[in-house]
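What TrEMBL says about this one:
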- 21-40: transmembrane segment (TRANSMEM)
- 60-78: transmembrane segment (TRANSMEM)
- 90-108: transmembrane segment (TRANSMEM)
- 120-140: transmembrane segment (TRANSMEM)
- 147-166: transmembrane segment (TRANSMEM)
- 178-196: transmembrane segment (TRANSMEM)
- 208-229: transmembrane segment (TRANSMEM)
- 241-260: transmembrane segment (TRANSMEM)
- 272-294: transmembrane segment (TRANSMEM)
- 300-322: transmembrane segment (TRANSMEM)
Amino acid sequence: HVVALGRVVYVCVFLVPFRDLLLSVALGQVLSLLICGIGLTSKYLSEDFHANTPVFQSFLNYILLFLVYTTTLAVRQGEENLLAILKRRWWKYMILGIIDIEANYLVVKAYQYTTLTSVQLLDCFVIPVVILLSWFFLLVRYKAVHFIGIVVCILGMGCMAGADVLVGRQQGAGENKLIGDLLVLGGATLYGISNVCEEYIVRNLSRVEFLGMIGLFGSFFSGIQLAIMEHKELLKVPWDWQIGLLYVGFSACMFGLYSFMPVVIKKTSATAVNLSLLTADLYSLFCGLFLFHYKFSGLYLLSFFTILVGLVLYSSTSTYVAQDPRVYKQFRNPSGPVVDLPATGQLEPSVTYTSLGQETEEEPHVRVA
């Protein structure tokens, strides 16, 4: 009995957390591979076929989201119906849809003004944005090991940018560099806002609601932007089966990214997802070694493993969420009986620890001193 008990303890203490850690890192790398596919198809479209249509490409993705998730909401009954959601939160999702559209547009536009290396480095600005927004709005609290993991990931990204400089892979004109850098910072900020809002929605509402609303407002506003800014470029595209296949491949990867990201964010967090996505450029590079004959540097491998080490460090321990009992009373228990908190005495916030393991449906306990 003692031996059997020891085996159970070993599995629970060591094997289960290690399995969840590997699952967390692996899920993030699936997202990176999807972004790699998005980058490769975009590169073929723009360089080989001179189809510079970023707004149209995003529009195709939003249309797919609309057809799958918005129509799902439309046929639901009760409070989860499309019209019921629009009555309660339409303006919030409208703003979120515009933020998501412009985040994609600003970063793509930045490539016309600055270099690939600048985009890669400045795009990391999304990480501090997500951390700050998560701290103040989601009440996420980090431990020292999380900050160490974040720093290691960013060092790995810097190593990759240095390797690009050494092998002469600074793609982009580099003209009006300040404008390009500002566009990247603006896009990274909007990405951070979108990711944190996404984390809140998928944890407190539903993944289908988030994707359905993004599909609805994203297709509407990107369609308007397409008609105003990109209709002439679309007419110049030399349509054939190869270009059509590239558009299909891009849309499939983009749709997969949008559909799968809420799952990974709910399993981990917006911060962990953005750290995982740092490897996407390296996957694109490794593919480019064979497809576009890029020059190789050992620093790329060093960068890849450095980012992975940072991801493992960040995912090795859980963050926690501090809940103010007054906030809990107002938002987490709207339908239950209202229990007045004592007017005197110090309020002790409850602390809920997030886990990479199986989620429970239990509400966090509120303790009042």
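Placed from the backbone N, Cα and C atoms, the Cβ positions cover glycine too.
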Stretch in 178-196, 241-260, 300-322 most in contact with the transmembrane segment (208-229), if contact is a CB pair under 8 A: 241-260
Contact yes or no, the transmembrane segment (147-166) and the transmembrane segment (241-260), 3+ Cβ pairs under 8 Å, gap 6+: no
Annotated stretches the transmembrane segment (90-108) and the transmembrane segment (300-322) touching (3 or more Cβ pairs under 8 Å): no
Cβ-based contact of the transmembrane segment (60-78) with the transmembrane segment (241-260), 3 or more pairs under 8 Å: yes
For the transmembrane segment (272-294), distant same-chain residues with Cβ under 8 A (at least six beyond the ends): 24-25, 27-29, 31-33, 35-36, 39-40, 43, 120, 124, 126-127, 130, 149-150, 153-154, 156-157, 160, 167, 169, 191-192, 195, 261, 264-265, 300, 303-304, 307-308, 310-311, 314-315
